[in-house]
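Let me begin by presenting the structure, written as structure tokens, before commenting on it.
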Amino acid sequence: MALLCSALSNSTHPSFRSHIAGANSENLWHLSAHPAQKSKRRCNLTLSSRAAARISSALESGKLKPWQIPKRDWFPPEFTFGAASAAYQIEGAWNEGGKGPSSWDNFCHNYPERIMDGSNWDVAANSYYMYKEDVRMLKEIGMDSYRFSISWPRILPEGTLEGGINHEGIQYYNDLLDCLIENGIKPYITLFHWDTPQALADKYNDFLDRRIVKDYTDYATVCFEHFGDKVKNWITFNEPHSFCGLAYGTGLHAPGLCSPGMDCAIPQGDALRQPYIVGHNLLLAHAETVDVYKKFYKGDDGQIGMVMDVMAYEPYGNNFVDQQAQERSIDFHIGWFLEPMVRGDYPFSMRSLVGDRLPFFTKSEQEKLVSSYDFVGINYYTARFSEHIDISPEIIPKLNTDDAYSTPEFNDSNGIPIGPDLGMYWILSYPKGLKDILLLMKEKYGNPPIYITENGTADMDGWGNPPMTDPLDDPLRIEYLQQHMTAIKEAIDLGADVRGHFTWSLIDNFEWSMGYLSRFGIVYIDRNDGFKRIMKKSAKWLKEFNGATKEVNNKILGASSCCSGELMWFLVQNPYGK
């Protein structure tokens, strides 16, 4: 097994001991580590070569044989299959129903040039008015669960409890929950999916200030209080790694901050420090919220966790330094937020390389952080190669040089791509990577219960390779889902505790800085025909996979007062309820 300690030793890689790395990083770890962890101090470990080599012929060969195509009965009856979405990406009604403005409202309206197609989410998929159609699609496809997010400024328009609760927003989510439950669909709620109340950005720069911890905890408590009788599965934060890096490092996402001289909406930030400050405050808000939930709202059957965005990593070349770069890529991508919840502090490599720019936890904060999850959510799409880079005075320090590895290449040192190109520029299909990540969670992080909370690929409007002629014909998505479900099954057979899979996404939506150019939905949204929902071939395959027959669905939906045919017709004809 490769040891990170050896990569950071005085004799092996002096480039790591640069001005960026702290001179006494191991002592820093001892000062900050949770007492229960000090007796267990170890270097970070990779998967053993034997474990990494356990690749099935199904994942190696690319296309699955007919007998390798996954089936529902491969998985335990209690294994959940669902689809996912996010409030900002689908709801629309950006200034209706008492909702306050969000950071993304501000970003899209004031910096439209930062969205590739110049669009915004003002209407999005119109789900605020057409949520019953979304539930109908879930039911018809046979999904047993739905992961969606609550818009913080729709609940607290000013971002704070003192600013008042918006009861129209409470009613909207209660109506959605009632509709889901009536149709036998379990809700999984994400409390924060990147749409920070703009009022908090104006008041104190939102997640850059510790006051966010109290305000977020207050917001989460309002949600527990009003929806807790209907919701047993909670997620505090979605993809903190992406949130910190894209919103406060590169500025590609709202609020759009980056360092002076960089190309972003607001080049008045500090890309070397602010992402770590935001991540630290986010972890503190998570810990406080979980503490409140477990003390007052969890009961016997509730559970709460955080969702991590992960990539799989392979060494760029067959050499020691690239293998260590692979280690660091895992630390900086997954360990940044998971290790504080497992052992009470950031990974040793981060303490070493980021130095005093990485905040410290107090003892009481560590005590709340450790074991502050009942499950871990994993969003997995693709993989990269990790290549070591030397840290030297000639390199201009920035967020993506802190980790001393580079992952811009889709190809390895021999020019071999990590997987097939699916048309979406950043997604190359690599199902083996999902299996490897799940086994890594088992061997390195104590095998926590895991839900695959996002997994899917996108169609590209005008960017496809080759371009799509029929938006409903998505064979690459079907193949992608089949291969990744097979990878999950193989990881389960090797002992990984995986409990569910959510396809991203249920419907085509507003895809952040890409606007509407990329379509991740298994259901097509016809924006020229009243936002009509139409199942793609992938949805029809999932319907068959789930064993949902047309006769059963029609019978159930026909009896549903929530999603009756008359209501559906009215909503399609009158999307704004007029």
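Positions of Cβ are set from backbone N, Cα and C atoms, glycine also.
Taken verbatim from Swiss-Prot:
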- 1-57: transit peptide (TRANSIT)
- Glu239: active site, proton donor (ACT_SITE)
- Cys258-Cys264: disulfide bond (DISULFID)
- Glu454: active site, nucleophile (ACT_SITE)
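In space, Glu454 is the closest of the recorded positions Cys258, Cys264, Glu454 to the residue listed as 'active site, proton donor', judged by Cα positions. Counting every protein chain shown, the Cβ of Cys264 (disulfide bond) has 22 other Cβ atoms within 10 Å. Less than 8 angstroms from the CB of Glu454 (active site, nucleophile) sit Ala84, Val307, Asn379, Tyr380, Tyr381, Phe502, Trp504, Ser505, each of them six or more residues away in the same chain. For Cys258 (disulfide bond), the same-chain residues 6+ apart in sequence whose C-beta sits under 8 angstroms from its C-beta are Tyr248, Gly249, Thr250, Gly251, Cys264, Ile266, Pro267, Gly269, Ala271. Secondary structure at Glu454 (active site, nucleophile), as computed by DSSP, is strand. For the recorded site, Cys264 (disulfide bond), the DSSP three-state label reads coil.
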